[in-house]
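J.: Pasting in a structure now, in structure tokens, and then I'll have a few things to ask.
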Amino acid sequence: MGKDSKVDDSENAAEKSEEKNKYGEPAKFDPTFNGPIKNRGCTDVICCILFIIFFLGMGVVGYWGYKEGDPTVLIYPSDSEGNLCGYGNFVNKPNLFFFDLLKCTNVAQNVAVGCPTTQICVSSCPTTYWTWVPSYLQELASLSGDKYRDGMICDYATQDILLTTTKSIKELVEGGNCASYYVKSDAVVGRCVPSAISTLINSASGLLSDAGNTTLVAADNTTVTGDALSAASKVLAYILNAKEYGEKILADVRASWWMILVGLGISCVIAFIWIIIMRWIAGVIVWFTIFAFIALFSFSTYYTLSRYFEMKNNSSASLNSVTDIEFTTNLDYYWNLSTTWLVFGIISATILGLSILILLFLRNRIRIAIALIKEASRAVGNMMFTLLWPIIPFFLQVVLFGFWGATALYLASSDKKKYASSSGNLTSNVTAADSSNLVTTFAASCAADYTNSTLGQFCGFVGYDVQEYTIYLQFYMLFMLFWVMNFIIALGQLTLAGAFASYYWAFSKPQDIPAFPVTASLWRSLRYHLGSIAFGSLIIAIIQIIRVILEYVDNKLKGSENQVAKFFLKCLKCCFWCLEKFMKFLNKNAYILIAVYGKNFCTSAKNAFFLIMRNIVRVVVIDKVADFLLLIAKLVVVAATTILAFFFFSGQVPIQVINGYVPSLHYYLIPVMIISLGSYVIAAAFFSVYGMGVDTLFLCFLEDCERHDGSAEKPYYMNKDLMGILGKKNKLESTEGDKKGKKG
């Protein structure tokens, strides 16, 4: 150990002298420094002011959207006059009926003017089948045609005078005042959608017929086919099935909600216990995994090369050259070639050799990583409130997301009514952006008689026109969602970093740990460093909004043949993804140094980057070992709670008393999946605290190594395990081996 430590010391000294100018000066000893400094000032004030202005702007946009928008227009269907079915004066008519659903099959036209057929609100959807031709013929043969109009569905004005008007059924249908046909329908999210279409198809002609075997005919005298009507209602039929499944899932959640909460509580307990025992099992897990990995590839190398030497002398299994290989989908052919096993053997031997070399040269750094992970477990045990801290950022994120979602909904519903007339193609399109007189005139004419006398020409309300400024406001709100969300995450990281730094720089633990370290760190973050938090989160938000724009452009180019543009776009997407990952890593380490020294964001980011580069090998090893252990921990929590939930809700628990609490569910896997996802969120929250603790203690450890040398004037703050790994110790110790207070 002594020789290893001397070699490490000489290597470190050489590295430091060589990289001294390139990556800045190592930290110098400061006799007054003993943890996060108390005397600090406000940092990045301009960014703080900018964030406050933009945040207030977010509130202004929300207020404007609340004032101008009406989410009910997005929830309830609208008829051809712009009335909401199931709301206001039409509360007793919750369903929307389409006069001719076949007109809804033209997607391009629907985007422009909506479904170009008359739509009215009805109290219930049709429960039978009707077509206008037989009724019209019977009306012609009868002196009184009133009784043949009983089943007709007409617009509001015509329905009141249906039995008294002098117009014939043909005139009413061809004039668009009444529906030319209808079939048995179901109400799907407030729309009448044809059901059981297959039972109406005439086997000989393929046309739709009513119960009397009369072919259904539209207003323009075209026959109605089953394929056309199915195409018009296919999407809504999918929604019907989804709604049914959704209702069953909601019922299952209601029946098992308290059991789901119990399962999530169990996941909290398991995560807490795992963090506590990590100090004892971290080393076992890491070393077992490393040696199991080496053993696995040792066996793989032995087995593959043995197979190669066995098959090498077999003429049917060996090849004279690589060109003799035949390409086939039969994998057995490749398994029976000696060359295949030689390739596998070379790959296995290469990985094995690299693993052994890494283990030999990085064994001390792996031990440092394990020691820091154990120390993070001790820190959490001494500062239990750190485990409760994630609740606050999570609550703030939920509030933010709820506000953003509500504002987006109100903005989307602030668009103005759009009226249009159409005869196959859009001929008139008037919105509130035009002159008010034109809108009033057009809307009034449509409301008075929203179907022109020209056969098939539609005139009426077709939807809500998207205003250009609402698009910019939605973009602004999306950007602010990213900025504020990253701001909340950064506040959590800075607060935890300050608490864990207070733990590390306590010379005698736990006696010197300050009271309420989390609360004190939160106060310093809010009092002095909101500007730095806003600065770092702004950088991430800008990168994320650029990635959103690139995704939008990529979606627009999907049908394009410009392969060069697609290639450069994919390169940009990859680059910005990598940039976001790097900046998140750098920001987190910058926040750690901000929490300790109280400097601005740019200075802290530069110092953190240089500190990392001066110890790049240690950083890589610590990061990967910590990531591996945290992954194992998350898998343990999620797997344990999921298995328990599965056996409970499936009724397979071998305890009859417990099985008596199992509810009757449509899909017992629904609460299991909810518990599984919830336990992952809980495990991620718990171990994010743990990961932040490891990162903070690691940077403090690096600073400790540069600032101190273990002498009586400059003793180390690290624990004895870390000093033992480095082959160092503090010279100033009592006869009992306990550390005394530092001089100066």
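Glycine is treated like the rest: Cβ placed from N, Cα and C.
Curation does not apply to TrEMBL; its annotations are automatic.
Source: prediction; values computed, not measured.
Sequence annotations record features per position, and here TrEMBL assigns region 'Disordered' to 1-27. Taken from TrEMBL, the feature transmembrane segment covers 45-66, 257-277, 284-305, 341-362, 383-412, 475-507, 528-550, 590-613, 625-648, 668-690.
Can you tell me where each of these features sits in this structure?
T.: Long-range Cβ contacts of the transmembrane segment (45-66) within its own chain (Cβ-Cβ under 8 Å, at least 6 residues beyond either end) map to 403, 406-407, 410-411, 414, 473, 476-477, 480, 483-484, 487, 530-532, 534-535, 538, 601.
Within the same chain, residues 377, 380-381, 387, 633, 636-638, 640-641, 644-645, 648-649, 661, 663, 671, 674-675, 678-679, 682-683, 686-687, 690 sit at least 6 positions outside the transmembrane segment (257-277) and bring their C-beta atoms closer than 8 Å to a C-beta of that stretch.
Sequence-distant contacts of the transmembrane segment (383-412) (same chain, six or more residues past either end, CB-CB distance under 8 Å): 58, 61-62, 65-66, 68-71, 74, 272, 275, 470, 473-474, 477, 480-481, 484-485, 488-489, 491-492, 495-496, 499-500, 503, 513, 516-519, 685-686, 688-689, 693.
Sequence-distant contacts of the transmembrane segment (475-507) (same chain, at least 6 residues past either end, Cβ-Cβ under 8 Å): 33-36, 51, 54-55, 57-58, 61, 376, 379, 382-383, 386, 389-390, 392-393, 396-397, 400-401, 404, 407-408, 411, 513-514, 517-518, 520-522, 524-526, 529, 532-534, 536-538, 540-541, 544-545, 548, 587-588, 591-592, 594-596, 689, 692-693, 695-697, 700-701, 704, 715, 717, 739, 741-742.
If you look at the transmembrane segment (590-613), the same-chain residues 6 or more away from its ends with a CB under 8 A from one of its CBs are 19, 22-24, 27, 35-37, 40-41, 43-44, 47, 490, 493-495, 497-498, 501, 505, 521, 524-525, 528-529, 531-533, 535-536, 619, 695-696, 699-700, 702-703.
Sequence-distant contacts of the transmembrane segment (625-648) (same chain, at least 6 residues past either end, Cβ-Cβ under 8 Å): 259, 263-264, 266-267, 270-271, 274-275, 278, 282, 285-286, 289, 366, 369-370, 372-373, 658, 662, 669, 671-672, 675-676, 679-680, 682-684, 686-687, 690-691, 694-695.
Remote same-chain residues near the transmembrane segment (668-690) are listed as 249, 252-253, 256, 259-260, 263-264, 267-268, 271-272, 275, 278, 376-377, 380, 386-387, 389-391, 394, 496, 630, 633-634, 637-638, 641-642, 645-646, 649-650 (criterion: CB distance under 8 Å, separation of at least six residues from the stretch ends).
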